[in-house]
Amino acid sequence: VGNYKRTVKRIDDGHRLCNDLMNCIHERARIEKVYAQQLTEWAKRWKQLVEKGPQYGTVERAWCAFMSEAEKVSELHLEVKGSLMNEDFEKIKNWQKEAFHKQMMGGFKETKEAEDGFRKAQKPWAKKLKEVEAAKKAYHAACKEEKLAISRETNSKADPALNPEQLKKLQDKVEKSKQDVLKTKEKYEKSLKELDNATPQYMENMEQVFEQCQQFEEKRLRFFREVLLEVQKHLDLSNVASYKNIYRELEQNIKTADAVEDLRWFRANQGPGMSMNWPQFEEWSADLNRTLSRREKKKASDGVTLTGINQTGEQVSQPNKHSSSLSVQSNTVQSVQSSYNPFEDEEDTGSTVSEKEDNKIKNVSSYEKNQSYPTDWSDEESNNPFSSTDANGDTNPFDEDTPPAMEVRVRALYDYEGQEQDELSFKAGDELTKMENEDEQGWCKGRLDNGQVGLYPANYVEPIQ
């Protein structure tokens with residue numbers, strides 16, 4: 001009695017399982033969306049880097065083919081996300097709404113119908129079972145009383161002090177208890193027989209309600225199987241023709257990379273095959289007198305102008321910094337800093353790849369494809385670009401012995417207005433962070449508290465004690 005509640009509970013579980021399946025699909029759709037966004041960001045960032053970097057020719061196109069692959073795959077994963085949410089998620093939601101009907105007082109109509117059906121089918125049989133239990137209890141009590149009366153009678157026969165009248169009472173008690181046993185036994189057997197006769201009808205009624213619950217659950221199970229198959233089709237990109245074409249096209253683009261062709265192009269455009277501009281005699285003309293740029297003027301005067309000095313002090317002659325030829329992402333470009341490993345595991349902070357890599361973008365390549373090279377030359381050892389440095393005139397980017405720069409908090413002694421885009425502006429008394437030590441020209445690299453990074457004259461600040 002009451003065990004039908006497990007079957008009734010299954011109806012509520014079915015509604016809850018619909019919610020679980022929707023949450024499962026929703027989480028997968030969110031993963032697909034995030035992956036698609038990261039692919040797009042990765043492709044955009046690296047496409048810019050490769051196009052601006054030193055790689056050229058067919059190998060550059062083959063490299064860029066990976067970014068095109070990422071963009072196309074990103075679109076496919078966004079389609080997967082859309083299918084999961086717009087088709088599968090909505091399908092479960094609508095089916096759940098149609099299959100389960102909420103009541104005003106709470107719970108579901110289907111649950112109440114099953115509960116009432118089982119209770120109605122079980123009530124007559126449960127009533128007879130209760131009568132059987134009562135008859136059984138009365139019969140067992142009569143048997144116990146009979147045994148006790150017989151024991152008293154037997155003991156009294158051996159007691160000479162007991163008079164005949166008392167013995168007669170004990171014998172009557174035994175006789176009465178025997179009649180009670182027979183009476184209760186008959187009633188017990190009768191109620192049990194009635195219960196047995198009612199059992200087939202009880203089984204039939206209970207099974208009828210149970211089959212209704214089975215049919216309701218069968219609909220849910222078949223629906224879940226149908227939805228899961230559709231989810232599988234949406235997730236399985238291996239059967240999508242466009243997905244296969246992406247990698248077939250990627251393979252073809254990589255195979256078109258031709259080292260001989262690239263070397264021939266480089267020879268014709270950057271080597272001996274390029275058009276030459278040999279020096280020729282030129283007459284002097286006033287129109288040809290070029291105007292020095294502001295930075296060249298500063299270099300020529302070999303000094304900087306202090307503006308808005310709020311503190312007395314000896315003005316130190318300050319040579320200006322050299323302008324960096326790589327002005328897109330960084331002011332002072334080093335090849336690859338040993339303090340940054342691009343393959344280290346990123347902390348799961350929830351930020352996207354581009355946010356983490358933006359500040360490290362300067363570490364990717366040592367120079368840009370269209371970088372201009374100085375035409376000045378000298379036979380002095382100090383100006384030889386090939387003496388103890390790499391081809392770009394910088395230190396070995398893979399030298400692990402080079403310690404990373406220590407950041408130091410400094411305070412501005414004077415006002416300074418940045419003269420170039422890569423210079424900082426600050427007022428006397430402002431605090432900032434020195435990121436790199438003073439270079440040969442007397443410039444430091446620092447970061448303001450608002451996050452702006454740039455250069456400033458080293459003698460305009462002092463360390464904060």
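Glycine is treated like the rest: Cβ placed from N, Cα and C.
TrEMBL entries are annotated by machine, without manual review.
According to TrEMBL, the feature coiled coil maps to residues 167-198, out of the candidate ranges 167-198, 423-454. Across the domain 'SH3' (405-465), DSSP helix (H, G, I), strand (E, B) and coil residues number 3 helix, 27 strand, 31 coil. Averaged across the coiled coil (167-198), pLDDT for the predicted model comes to 89.
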